[in-house]
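In what follows, a structure is listed as structure tokens, so that the remarks can point back to it.
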Amino acid sequence: MSSSGDARPSQKGILLPAARANDTDEAAGRRSIAWPVARTCPFSPPEQYAALRAEEPIARAELWDGAPVWLISRQDHVRALLADPRVSIHPAKLPRLSPSDGEAEASRSLLTLDPPDHGALRGHFIPEFGLRRVRELRPSVEQIVTGLLDDLTARGDEADLLADFALPMATQVICRLLDIPYEDRDYFQERTEQATRPAAGEEALEALLELRDYLDRLISGKTGRESGDGMLGSMVAQARGGGLSHADVLDNAVLLLAAGHETTASMVTMSVLVLLQHPTAWRELTVNPGLLPGAVDELLRYLSIADGLRRSATADIEIDGHTIRAGDGLVFLLAAANRDEAVFSEPEAFDIHRSARRHVAFGYGPHQCLGQNLARMELEVALGAVLERLPALRPTTDVAGLRLKSDSAVFGVYELPVAW
């Protein structure tokens, strides 16, 4: 992908980074877009987002394959459209942000079904991610975090916070939740990372298929014996009873495993990095852990590591003077919506005392992230323990020297070297 320095002005605002921009695009009021849009700062959305939100919050754009799409960047528009029943998530209708998109048309995951099928399927998983179940899981997460920090401090006074803490923590939690062998972590971590890199193309598709095959073998093993105590076993048991199909179990196992460790690991790492850049907030949270729940929501808003939700219109939609036609693709810029001045005062500032719960980091509407309660709890436990156990934590490299994961659907850094 070209860098943000390649952006050129158009007649209606700016061009997002892309390999292609021509007079026809500009005359038509379109901008070309390459995905994911490059971030040049780990703490800010792509620099073009603010201008888009201010000047053209519902904007026409052109994707890598020439397909037209609408970019939605203001929060009121994001919420209205994501909750609109005329907006679909069916993969066959979605805009393709990269060559690896659009290959899951037969999938039956929570992120590929529209109502009413989506609601019926989601109902099978809600108890596993409700507040009661998350409270029950908290002691187990605390045990994992304590063990990892014990190992970390016993080995010395330096570490890579991502590789040595955040990723093992998130992986152990999802392995316990699903009842997946932790010793297989290298295999599924590598494939998940590859599958979430849009630019990887065929390699991303191959990694996704290998991840599916791996989980299919685990599911088949549980089908012929005791299904076990984890969520995967519970899904298999429901399939035995006719409540779920094999495709339901497999497709959602892939979703839960992939989303359940990489995103959380990146969010923990990036959250620590943000707090290290704001020593006053770090000290306040060390003294008053009761501020952590609010700080977690502010971190989710401020970082917005998952961006670019895809949808399509199933009927004509009139919104704020624009007509979105049936069949049009939509891309929701969540990172832009989470910096909306109409919703958050001084949105570019990081403020653990603000009420940030109105963020859309988990999406919005019927497909809002099912695991958000678990994610919040993991962040609270992990950050609280780091603040308590490693109060003198510091990065051992300049932020400018960190390698950013700008080629991934889940933004983050490749490593975070720290000392204490």
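The backbone N, Cα and C atoms fix where each Cβ goes, glycine too.
The heme binding site annotation in Swiss-Prot covers His118, Arg122, Arg311, His367, Cys369 and rests on similarity to another entry. The region 'Disordered' feature in Swiss-Prot is assigned to 1-28.
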Practice item. Have a look at the binding-site residues (His118, Arg311, His367) and report the one with the fewest Cβ neighbours inside 10 Å. Key: His118
Review point. In sequence order, what residues of the same chain, 6+ apart, have a Cβ less than 8 Å from the Cβ of Arg122 (heme binding site)?
Key: Leu110, Pro366, Leu370
Study note, to complete from the structure: Going by C-beta under 8 A and a gap of 6 or more residues, the same-chain neighbours of Cys369 (heme binding site) are Ala259, Phe362, Gly363, Ala375
